[in-house]
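S.K.: Handing you this structure, nothing more for now.
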Amino acid sequence: MAMIEEPLYPIAVLIDELKNEDIQLRLNSIRRLSTIARALGDERTRKELIPFLSENNDDDDEVLLAMAEELGVFIPYVGGVEYANVLLPPLETLCTVEETCVRDKAVESLCRIGAQMREQDLVEYFIPLVKRLAAGEWFTARVSSCGLFHIAYSSAPETLKTELRTIYSQLCQDDMPMVRRSAATNLGKFAATVEPAHLKTDIMSIFEDLTQDDQDSVRLLAVEGCAALGKLLEPQECVAHILPVIVSFSQDKSWRVRYMVANQLYELCEAVGPEPTRSDLVPSYVRLLRDNEAEVRIAAAGKVTKFCRILNPELSIQHILPCVKELSTDSSQHVRSALASVIMGMAPVLGKDATIEQLLPIFLSLLKDEFPDVRLNIISKLDQVNQVIGIDLLSQSLLPAIVELAEDRHWRVRLAIIEYIPLLASQLGVGFFDDKLGALCMQWLKDKVYSIRDAAANNVKRLAEEFGPEWAMQHIIPQVLDMTNNSHYLYRMTILHAISLLAPVMGPEITCSKLLPVVINASKDRVPNIKFNVAKVLQSLIPIVDQSVVEKTIRPCLVELSEDPDVDVRFFANQALQSSDQVMMST
């Protein structure tokens, strides 16, 4: 190797590594292509490295994927935009491989390069590449070509534009469903570059062919085309050409196509506009909400609030609400969960009276659902209802159900409720919280399950942050401190944990006067677990309180604990003392 001149060295190593049996070496070599190209310089990269990569017949998809990605950012290493065309041959080869992700990455890189190429280079090199791929014998080339038309079309002269539209039309009628699927997927991007006159004739004719395809996998991709084309057409053309397709798709024999319509419904409504939605799409949407496939109902239920925003309240109450009532007792828990995640947003749309009369009973039934996700989706959005019907009505109707859940026999349900308590507190306000939920928060600190007690301690801290130290001093601290004498050591440990969390929120003054004496007192506990937790808590209090308090109160207690008979207590006490020394040195 020493005999080889220095500039030759990288390419020689690259060739060796790319032929190595070890895939990792080959991958590393490809990922270092930019470094090697810099070492070789522009000219040698164009004349040696790129031709070598074009001939590289690696059969490992990971290596090919990495190569497709690297070549997409290679323009600076071949001498700039005027030489970008040299990158096309290796990427053209990658567009024909069998592995989908390699082809997709090669198409993405070609689009990136094509977007930077000069117009004459696009006509001379890029458009012929697209035509070669589109005429490829193997379907993979034809699939890849569909993703390149939108780059090629805008720079093409008029005669070539006509040819490109014809080729795309042929791809939409290809014998292979995979090619037609790719054409359907990319139709929106291609249509955006086509002139309005041809959009109404050529593109709409292509689109109509795709919507009547015998393969449901092609039709469901045409659903996305509805939204993309709808944005390009004039409103009246949209109603004439796109609306009938949406209505037809909503009754398609394949549930996957109906699912796609339900999933894209809001975008489709935006495409056709509010008036046609109200007059023509409501029956289609009602059909989707009552579909016999659960997946379709899930997708439709998730869009119920967005759809109602387009309609007026009267139409929503008349047509959509009866379906919502049915869905709230649907046999599929996932349908009920999807509904629960959005139904609260209907309250502002329908207004106060309809919410009280029609929606509240549905909220209540979902709050009592046997499936925890359904209940939680309701609790997490209570503020939207609160804004419409007010706190008094909300507390009378929904709060008993929340209190019931807070005492649920499944600990995971109780845990989820605890996590929502600070959110509820901020939504419902301090006065309401004190009356209804304060006692529950204290009750959880004595739960039989550790995860609940731990969450309850965090909950107490978050409430103190929400309502402020003065409120916490009145409503939380006295009750927490009362529990320090509990006969069960596990509950005493929970209180120590709560104190360590509350101290930073309460500030040094309250910590020294109220919390610290309780912790010092607990150091005399007979249970070693309590004592070493005292050491941990004291360590967490050192940065909060004054240095004089550390010297007079905390250190003597820690010194005493460091001489305890129990090895764990001594360990944590010494750790806390070291921490105290470090704080003193830093100050």
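Glycine is no exception: its Cβ is also placed from the backbone N, Cα and C atoms.
Unlike curated records, TrEMBL annotations are generated automatically.
Taken from TrEMBL, the feature repeat 'HEAT' covers 10-48, 164-202, 203-241, 242-280, 281-319, 320-358, 359-397, 398-436, 476-514, 515-553, 554-587.
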S.K.: Report, as numbers and ranges, which residues of the same chain sit near the repeat 'HEAT' (515-553): CB under 8 Å and 6 or more residues beyond its ends.
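M.R.: Same-chain contacts beyond the ends: 477, 481, 484, 489, 492-493, 495-497, 499-500, 502-504, 506-508, 560-561, 564, 566, 568-569, 571-573, 575-576, 579-580, 583-584, 587.
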S.K.: How do the residues of the repeat 'HEAT' (554-587) split into helix, strand and coil according to DSSP?
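M.R.: Grouping H, G, I as helix and E, B as strand yields 28 helix, 0 strand, 6 coil.
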S.K.: What is the three-state DSSP composition of the repeat 'HEAT' (320-358), stated as helix, strand and coil residue counts?
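M.R.: Helix/strand/coil tally for the repeat 'HEAT' (320-358): 31 helix, 0 strand, 8 coil.
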